[in-house]
Amino acid sequence: MLQSDLTAEVAGSRKLWTADEARALFDQPFMDLLFQAQTVHRRTFDPNRVQMSRLLSIKTGGCPEDCSYCSQSSRYDSGLSASKLIEVERVIAEARRARDAGATRYCMGAAWRSPKERDMAQVIAMVEGVKALGMETCMTLGMLDGDQAQRLKRAGLDYYNHNIDTSEAHYASVITTRTFADRLETLQNVRDSGIKVCSGGILGLGEGNQDRVEMLVTLANLPEPPESVPINMLIPVEGTPLADAAPVDPIDFVRTIATARIMMPESHVRLSAGRTGMSDEMQAMCFFAGANSIFVGDTLLTKDNPGEDLDMRLFARLGLKPMAAHEHHPEDRPAAPGEAQREALRRADPAIPVLR
Ligand code: SF4
C-alpha cells in the first residue's frame, strides 16, 4: 500500500490516513519501514541535520491538571516544589546562553491549565525578548483561547506546543481534567492565529501500538499537520499514577518515529523527553527513522536530559550537524537528492519516483 502513498506525496496531493493504513505501515517488516521512512525523510530534509531546541520551565509545579504522568500536577506527591512565573530578564539571559551554545529555538513552558490574564503581559515580554535575540520562539502554557493565541502571535511567537499525548480512545485513562476535544480546540486556535503548531505525544502511558498509530492519524489528519511532532518516551516519576508503568519496547518506539516520519513528511519529528533512557544506538536508529529534532541542555522542564557534551559527541560519531534557525522552512528545503542518491533510490525500487 505504501507505493501509492509515496506517489501521492510526490504528486503534491496530501494523503489523509485511515487507522488501518497507518497500522499496516507500522506493522510491516522493520527494515522495510525504516527504508521507507529514510526515503521519505530525504525528500524533504537533509538527513544529516538535526534541529536543536532548548526548553526552559518558566513556571514549575502546582498545576491543577491531573495528567497521570506529570510531576508538576499538584494532585500528586512527586516531591517537586512549585515556583512562581520567573522574571523576564532571567528568561532572556538563559535564552542568550542557549543561543550561544547553538540552540536555534527557545521553548518556554509553564505548568498551567491555561494562562491567566494577569500573566499575559509577562509572557508576551518573554516572547518579544527572546525573539529579539534572533531565535525562534516556542511556548507551552496549556489551553489557549483564540484571543490569547492572537496576542502571542503579535508578540512574535513562532510555535506553540500542545500535545495530544495519546489516542482519543486511551486519553481518558491518562487525563480527566480536560478532554481530547479541548486539546484539538487549542490546536485550532493556535493554527488560526498563524502560529506554527508543535504537537505530539508520549509513549509509555499504558497504551498499545494501536493507540500510538491512532495518535499519529489524528496529528497527520489535522487540517494542517503540525510543523513539529515531539515523540516522548515516558520517564516514570515516583508519586505519579504512572510511576510503575511498563517500559516501552525500543523497537516499537523506533517504529512510531518511522511511521510519524512517513505520515508527516514535512514535519520535524522530535526525539523529545526520555533520551536519557536510550542508548546512543537507539537514538541513532531514531535519527535514521526520521527524527530530526532534539531538545538540548541538561534538563527538560523537570526531567534530566543528556546535556550538550553528550549530544555533541553523539553528533560527531554520527556525522550529524545542527540545523540553522529557519532552515526547515519549505522554501529553505535542501535541493532535491543528488544523482548518486537518485540512482540508489532507483536501484532500491525503480517504481519510486524521485524528486528532481
Ligand atoms: S502535563 Fe502540563 S497540564 Fe498536565 S499536569 Fe503537567 S504541567 Fe499540568
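Each Cβ is built from the backbone N, Cα and C atoms, and glycine gets one as well.
The Cβ of CYS67 ([4Fe-4S] cluster binding site) lies under 8 Å from the Cβ of SER73, ASP165, VAL174, ILE175, each of these being in the same chain and 6 or more residues away along the sequence. Under the three-state DSSP scheme, CYS67 ([4Fe-4S] cluster binding site) falls in the coil class. The [4Fe-4S] cluster binding site annotation in TrEMBL covers CYS63, CYS67, CYS70.
The Cβ of CYS198 ([2Fe-2S] cluster binding site) lies under 8 Å from the Cβ of CYS138, THR140, TYR159, TYR160, ASN161, HIS162, PRO226, GLU227, SER228, VAL229, PRO230, ARG270, each of which sits 6+ residues away along the same chain. The [2Fe-2S] cluster binding site annotation in TrEMBL covers CYS107, CYS138, CYS198, ARG270.
Sequence annotations record features per position, and here TrEMBL assigns compositional bias 'Basic and acidic residues' to 325-349.
Positions annotated as domain 'Radical SAM core' by TrEMBL: 48-275.
Residues annotated as region 'Disordered' in TrEMBL: 325-356.
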Entries of CYS63, CYS67, CYS70, ARG270 (binding-site residues) sitting next to ligand 1, with Cβ under 6 Å as the cut-off: CYS63, CYS67, CYS70
Residues that sit under 8 angstroms from CYS107 ([2Fe-2S] cluster binding site) by C-beta distance, when 6+ apart in the chain: SER53, ARG54, LEU55, LEU56, CYS138, MET139, THR140, TYR159, ASN161, PHE295
Cβ-based neighbourhood (8 Å from the centroid) of the [4Fe-4S] cluster site, residues CYS63, CYS67, CYS70 excluded: GLU65, ASP66, TYR69, SER71, GLN72, SER73, ALA111
DSSP state at CYS107 ([2Fe-2S] cluster binding site), helix/strand/coil: strand
Environment of CYS107, CYS138, CYS198, ARG270, the listed [2Fe-2S] cluster site - residues of the same chain whose CB lies within 8 A of the CB centroid: SER53, LEU55, ARG105, THR140, TYR159, ASN161, SER228, PRO230, SER293
